[in-house]
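Features of the protein shown, as given by TrEMBL:
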| type | residues | note |
| --- | --- | --- |
| BINDING | 71, 72, 93, 199 | substrate binding site |
| DOMAIN | 32-279 | domain 'Aspartate/glutamate/uridylate kinase' |
| SITE | 36 | site 'Transition state stabilizer' |
| SITE | 260 | site 'Transition state stabilizer' |
Ligand SMILES: Nc1ncnc2c1ncn2[C@@H]1O[C@H](COP(=O)(O)OP(=O)(O)O)[C@@H](O)[C@H]1O
Ligand SMILES: CC(=O)N[C@@H](CCC(=O)OP(=O)(O)O)C(=O)O
């Protein structure tokens, strides 16, 4: 017999949190969610640990998480170490042959491996793959325009087709796919692979995958609370925005927010009912977004 007294302070609040999650679990169980995990939200062991707990939590709620990860800061660190210079235009990295080798090595060989290892410390869930595996992504070179002028970004791609089989097979087998945004290039005229790999912004890749999988949500974790209407004014955080309103704002956005918000818009245009920008610096913010009525961050709706 055990007679240790229990601390029941705050018990009703704790129970209320669990009960608030019930309708959301009912709504989303059996659906696929694409989670974009940005390089800037991976900055500490604690945050990475919380992120993988969230993935395993979703999995055990019957939701199928598909992780698409970034790694921009990690690529920068490796490029610095190798003394290779790189610049961004309109939020996208100008990518030479030499830079591409580093991008592929860091995203697929380092960041992806680390996430797979962390998720699998909870059980045998995660399988890592890149857009090259089973031709998950087919990409064309990005035709980029900044201020009305065409800009040559080099080996940067846009996903033009997604072969979802590799992902749906993994989901059916109870796995959590962890995807890096490197994609084989396909010739625009012949439709055949060129043998070149392209660097795809991870937000863009996540949006294409969410659309192709018919995801119930795209959740983008980054290093700000959400989209600010008047960046960096802290009072201007947008909690919800329609696709039409966002379309009207795109030209005013800066740096990394450009591909991020374009990605949310294109996911919603592709039929994903909700896309969210969530603060990855706050541990478990994603759970609050998915399982609470108020949510957190910025929500984009059709
Ligand atoms: N309107 C805006 N709202 C929020 N963040 C913005 C805005 N405009 C620019 N930013 C910048 O975009 C950054 C997020 O993009 P990025 O650094 O590419 O993140 P990630 O590595 O998560 O993909 C923020 O840290 C912020 O500095
Ligand atoms: C074309 C392009 O810009 N690709 C990105 C791919 C990684 C990425 O998107 O990482 P984050 O999500 O951490 O920014 C890059 O080279 O940095």
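Keep in mind that glycine also has a Cβ here, set from the backbone N, Cα and C atoms.
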Determine, from DSSP, whether residue 199 (substrate binding site) sits in helix, strand or coil.
strand
Excluding 71, 72, 93, 199, please set out which residues of the same chain place their CB within 8 Å of the center of the CB atoms of the substrate site, keeping sequence order.
39, 70, 75, 103, 106, 107, 181, 201, 202
For the recorded positions listed here (93, 260), tell me which residue's CB has the most neighbouring CB atoms inside 10 Å.
260
Using a 10 Å radius around its CB, how many other CB atoms surround residue 199 (substrate binding site)?
26
Does any of 36, 72, 93, 199 have a Cβ within less than 6 Å of an atom of ligand 1? These are the recorded positions; tell me which, or none.
72
Could you check which of the binding-site residues 72, 93, 199 is the closest Cα neighbour of residue 36 (site 'Transition state stabilizer')?
72
Where the C-beta lies under 6 angstroms from ligand 2, the matching recorded positions among 36, 72, 93, 199, 260:
72, 93, 199
I'm checking region-level scores; what's the whole-number mean pLDDT for the domain 'Aspartate/glutamate/uridylate kinase' (32-279)?
95
Around residue 72 (substrate binding site), how many other C-beta atoms are within 10 angstroms of its C-beta?
20
Should residue 72 (substrate binding site) be counted as helix, strand, or coil on the basis of DSSP?
helix
